[in-house]
């Protein structure tokens, strides 16, 4: 009899989001699941951590009472830190984050709370995957991608991820049988063109809403944007050594 | 007569921090300075952006009235986006962030609001540098490092940074004449060993403070940690293409 793997599940849309509920249901088929997720939406929190404020952790009963769930007042990264250090007191065999309601492909990876939670797990030496579906709707259909989530998670458990890497998995908004397959990709060179929506409070004070348009400037066919646009699931291996090793030689020629 | 470069200055410790005041004074010797910085401390905010809340921007008078300053209710990354899109309406020639009160070397780069502001500028195609001093004291002595800040900023303006990179500059807590020089480095493989300080509210509810111990597991002599420990200023070129390109071949052998 094999021992079931311990799987930590988190996200950034909050513990009640349909995306994390779908992820929990798949992980419950694979291992012993523990959920530690934000008590409120934490989208676009990047790799923020809570150092100037207190953090609350509440044990709650899940839909499935066999699964232990905690909601946390902190960021997605705080959730991973608390899970590993205060709740589990040992490293889980896998950490999965998501399923995010919306894309975390290309440059979105850097703003994403979902991916930052996975990256934090990676920093702590835990195999980790962030999952995102290209559908921002709260009632997005996560059933279609469940078979793929299971396949990818099992493969990560069976094989080892390259040291210092985690996976960024994005799903196109398609039916299971419309998905063409999985492509291993690089992050596309894309940016957000910001448009600030300037308004006035009822008291005459200006304020802004951040909005923007996503622009993919990358024509490569090996990118996550290309794969998603052509009906594939994209997997980008993501690293947290941010050193631009290729730029070191040039800087060494500078007059510093 | 040459035209002065436009320099955007931001930080994460807030617009009144002595670190940004020191940085502004150096940049005023080099170019036309515009300051857009958080109205309150935003340390450890990582690459967070404000999408579920309003953002306020207040034009304030600086110490030096020749310099335009804005305080912003958002994160460091919001400050850069607002500066470029709403205030300047064109890209500045340089963006500098800091001087941070405390280290942003090795893995700290990923949690740092200071560095995330510089990275955001880099994403927008602006040459960018984050500066940090290894002294968490509010009254840290920034005078000692001013000559080096000027030298590095001038070199970045004179030469081009490799596309898709920004600089992470950390200063040891030393007198000007004790600093041995500048080293171009890679990010050390170091982590934070978390220790949560668990307490109770006056009403009997548990809460946590995130604390931790920094542990450098990297014995390399080409790292930022090594340079700083040996009296050098460290410069790490940082990239925002997070793709672990070296891991793609292995993933392509998986059964996906």
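Glycine is no exception: its Cβ is also placed from the backbone N, Cα and C atoms.
Mean model confidence for the domain 'Survival protein SurE-like phosphatase/nucleotidase' (A:7-193) is a pLDDT of 94. The domain 'Survival protein SurE-like phosphatase/nucleotidase' feature in TrEMBL is assigned to A:7-193.
All protein chains shown were included, and the count of other CB atoms within 10 Å of the CB of residue A:100 (divalent metal cation binding site) stands at 31. Residues annotated as divalent metal cation binding site in TrEMBL: A:12, A:13, A:43, A:100.
By a Cβ separation below 8 angstroms, chain B lies close to these of the binding-site residues A:12, A:13, A:43, A:100: A:43. In sequence order, A:19, A:20, A:41, A:42, A:43, A:100, A:101, A:114 make up the list of same-chain residues 6 or more apart from residue A:13 (divalent metal cation binding site) whose Cβ falls under 8 Å from its Cβ. Other than A:12, A:13, A:43, A:100, the residues of this chain whose Cβ falls within 8 Å of the Cβ centroid of the divalent metal cation site are, in sequence order, A:11, A:14, A:17, A:19, A:41, A:42, A:76, A:98, A:101, A:102, A:112, A:113, A:114.
The secondary structure of residue A:100 (divalent metal cation binding site), as reduced to three states from DSSP, is extended strand. Cβ contacts within 10 Å of residue A:43 (divalent metal cation binding site), excluding its own Cβ and spanning all protein chains shown: 23.
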